[in-house]
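Enquirer: Just passing along the structure, written as C-alpha cells.
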Amino acid sequence: CGGAGAKCSTKSDCCSGLWCSGSGHCYHRRYT
C-alpha cells in the first residue's frame, strides 16, 4: 500500500488510515 505522500488514484491505493488527496497523494485524514 502507499504511505503518506505516495501517489494514488483512489483511497484504496493508500495504506489503512490514509486518504487520497485531490492532488493524487496519500495523506493522514487528521492533517490538512
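Placed from the backbone N, Cα and C atoms, the Cβ positions cover glycine too.
Per Swiss-Prot, disulfide bond is recorded for Cys1-Cys15, Cys8-Cys20, Cys14-Cys26.
Could you place the listed features in the three-dimensional structure?
Expert: Under DSSP, Cys15 (disulfide bond) is assigned to coil, being neither helix nor strand in the three-state scheme. Note on Cys15 (disulfide bond): other Cβ atoms within 10 Å of its Cβ, all shown chains, come to 13.
For Cys8 (disulfide bond), the same-chain residues that are 6 or more apart in sequence and have a Cβ closer than 8 Å to its Cβ are Gly2, Cys14, Cys20, Ser21, Gly24, His25, Cys26.
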Enquirer: Return the residues near Cys1 (disulfide bond) by Cβ distance under 8 Å, restricted to its own chain and a separation of at least 6 in sequence.
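Expert: Spatial neighbours, sequence-distant, of Cys1 (disulfide bond): Asp13, Cys14, Cys15, Ser16, Leu18.
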Enquirer: Counting across all protein chains shown, how many other Cβ atoms sit within 10 Å of the Cβ of Cys26 (disulfide bond)?
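Expert: Total other Cβ atoms inside 10 Å, all chains included: 21.
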Enquirer: Using other CB atoms within 10 angstroms as the count, which residue among the disulfide-bonded residues Cys14, Cys20 scores least?
Expert: Cys20
